[in-house]
Amino acid sequence: MAGILAWFWNERFWLPHNVTWADLQSTEEAAFPQAEDLYLAFPLAFCIFMIRLLFERFIAKPCALGLKVQANGPQKAQPNAILEKVFTAITKHPDEKRLEGLSKQLDWDVRSIQRWFRQRRNQEKPSTLTKFCESMWRFTFYLYIFTYGVRFLKKTPWLWNTRQCWNGYPYQPLMPDLHYYYIVELSFYWSLMFSQFIDIKRKDFGIMFTHHIVTVTLITFSYVTNLTRVGTLTLCLHDAADVVLEAAKMANYCKCQKLSDLLFLTFAIVFIVSRLGIYPLWILNTTLFELYEALGNFPALWVFNVLLVILQILHCFWSYLIIKAAYKAISKGKVAKDDRSDIESSSDEEETVPRSKTPHSTITTNGTGGANGTNGYLTGGTCSEEH
């Protein structure tokens, strides 16, 4: 194991020419980032997750009930043993042949059976209350960590001049505030990595999982190699839009549609300006060009830049979805939905269909979605009939 670690952390790969790991060892005069510091992230991630559970139960839930957020989930489908067996044991999305067979067996028309399966799938969606509590937790954390990041960075020279990120490298002492900022952010993303398997499932689960892996990898490697100055800029920039996003979702769940639409459009502007404007002109410019000019070429430089470019590709994908939702908001006078992450995987696009020959109840629900991610998640308050 020691040999594998020594091979993996080859200083000729990870560090610029003439820089060794010995140069980054802490001394009595100055402290530098140490790889073992990152072990703190795992117990802290567990603590953050426990704090989240307590927050959602004792703070977010009472707030939601006080704001009259709907506590019950979608109405349950009509009990039917045959259809339930097919749903649980065979398929949740029966094909045309199976639908016709079930229609003959139950003496229901195909529309009624399709309607039952849609209701049964939607039955597994979380309640609006659950989604509100998740959004309120994320809003609170993002607001705290973004505020902390801004207060820290406004005192640093590299906020105003990105070339200062590389000035004096690797002899850049680790400040306590920077250490705290990095470890808390890393712990939060580790908690998201694990909790997203039990959180509300969304259609872009794979994309968000990729985003979390890239983020954790960048935070880890940039900390070990003491490239933390540019790391703090990247973290703070990414947190800015998420604060507005979670606020928009909470307003949506409270049925404050005008406020929700306003916040969503504000989020769209902040996201696009920060991710498609500031990020490439500020972050990518300094890592692709200023870093090379200051420290020369070394293999890890390309690892970092490839990961940062992957983030930019994700930004472009999400921006496309957000622009599409914003266009709908402007053309229709309301936000239809933000497809970036709010639609749970168990959701179905419903269509209005005629009544079948066998009577069934019609469920009318508010078409809201769930909560980084990422990271875009707003579904507007348009109502749809789910049959």
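Placement of Cβ uses the backbone N, Cα and C atoms for every residue, glycine included.
Residues annotated as transmembrane segment in TrEMBL: 38-55 (among others).
Across the domain 'Homeobox' (83-127), DSSP assigns 31 helix, 0 strand, 14 coil. Residues or ranges marked as domain 'Homeobox' in TrEMBL: 83-127.
Residues or ranges marked as DNA-binding region in TrEMBL: 85-128.
Mean model confidence for the domain 'TLC' (130-331) is a pLDDT of 93. What TrEMBL lists as domain 'TLC' is 130-331.
Here the transmembrane segment (179-198) has Cβ contacts under 8 Å with residues 33, 37-38, 40-42, 44-49, 52, 141, 145, 148-149, 152, 205, 208-209, 212-213, 215-216, 219-220, 223, 228, 231-232, 235, 372-373 of the same chain, all six or more residues outside its ends. Summarising the annotation, TrEMBL assigns transmembrane segment to 179-198 (among others).
Per TrEMBL, transmembrane segment is recorded for 262-282 (among others).
What TrEMBL lists as transmembrane segment is 302-323 (among others).
Summarising the annotation, TrEMBL assigns region 'Disordered' to 341-387.
What TrEMBL records for 374-387 is compositional bias 'Low complexity'.
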